[in-house]
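A.B. asks: Dumping the structure here so I can ask a few things about it.
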Amino acid sequence: MNGIRDVVREEQPRERLLLEGAGSLSNRELLAVLLRTGSKEETVLKLSDKILHQFDGLRMLKDATLEELISIHGIGISKASQLMAAFELGRRMVRLEYQNRYSIRSPEDCAKYMMEEMRFLQQEHFVCLYLNTKNQVIHRQTIFIGSLNTSIVHPREVFKEAFRRAAASIICLHNHPSGDPTPSREDIAVTKRLVECGQIIGIEVLDHIIIGDHKFVSLKEKGHI
């Protein structure tokens with residue numbers, strides 16, 4: 001009887017959540033709670049397994065489109081919408097933790113502030129953090145999306161927002177979708193150009209952080225600033 005009870009318990013993730021807390025559930029079980037029901041052909045846990053397999057786990061699932069989700073047999077508009085809403089809430093909660101005038105004292109602080117948001121992006125995003133005199137983030141702006149080079153990253157776009165926000169300094173960041181944050185020659189060239197412009201204008205570019213997968217490189221620490 002105990003064996004049967006254990007099997008039933010494993011097949012009831014919502015009940016496990018209520019008894020043991022959400023932290024005790026696996027990824028497939030949490031997904032099953034969001035989906036609520038399976039299909040005529042398979043249980044909700046089997047459907048969860050299929051989704052995780054399709055997207056190679058959570059890494060790619062978080063950026064799944066509506067079309068990609070409903071292409072999976074057993075997932076309709078309703079289930080796909082529930083999943084996408086849950087993923088977006090998760091992203092917003094991560095941002096909330098750091099939104100209230102987050103202070104940056106080191107490259108590690110900066111990487112921590114943006115890592116979870118940027119490390120899974122499938123295209124390069126060039127982002128600027130605008131700081132006040134206390135090194136607190138007063139604004140964040142995505143300057144452009146695409147491969148980084150000196151012809152695309154124009155200082156005018158970077159510093160225009162700094163003037164609008166009365167920023168004292170800027171930290172630039174961009175991600176490498178490959179997961180490897182090693183700076184390229186273009187990364188270094190863009191950084192030096194922005195630093196030079198900042199010196200002329202009087203708004204210091206403090207650092208340029210390259211985000212990889214759970215790792216980062218500070219161009220200031222590498223001696224390029």
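Along the chain as shown, the residues are counted starting at 1.
Keep in mind that glycine also has a Cβ here, set from the backbone N, Cα and C atoms.
Marked as Zn(2+) binding site by Swiss-Prot: His174, His176, Asp187. What Swiss-Prot lists as domain 'MPN' is 103-225. Residues annotated as motif 'JAMM motif' in Swiss-Prot, with sequence analysis given as evidence: 174-187.
Could you place the listed features in the three-dimensional structure?
C.D. replies: Secondary structure at His176 (Zn(2+) binding site), taken from DSSP and collapsed to helix, strand or coil, is coil.
Looking only at the domain 'MPN' (103-225), the predicted model's pLDDT averages out at 92.
Panel annotation: around the motif 'JAMM motif' (174-187), residues 118-119, 121-127, 148-150, 208, 210-213, 215-217, 219, 222, 224 of the same chain, lying at least six beyond its termini, place a Cβ under 8 Å from a Cβ of the stretch.
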A.B. asks: If we count other C-beta atoms within 10 Å, could you say which of the binding-site residues His174, His176 has the fewest?
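C.D. replies: Each of the binding-site residues His174, His176 was scored by Cβ atoms within 10 Å; lowest is His176.
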A.B. asks: According to DSSP, collapsed to three classes, what secondary structure does Asp187 (Zn(2+) binding site) have?
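C.D. replies: Where Asp187 (Zn(2+) binding site) sits, the three-state DSSP reduction gives helix.
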A.B. asks: By DSSP assignment, list the helix, strand and coil residue numbers for the domain 'MPN' (103-225), in that order.
C.D. replies: 39 helix, 36 strand, 48 coil
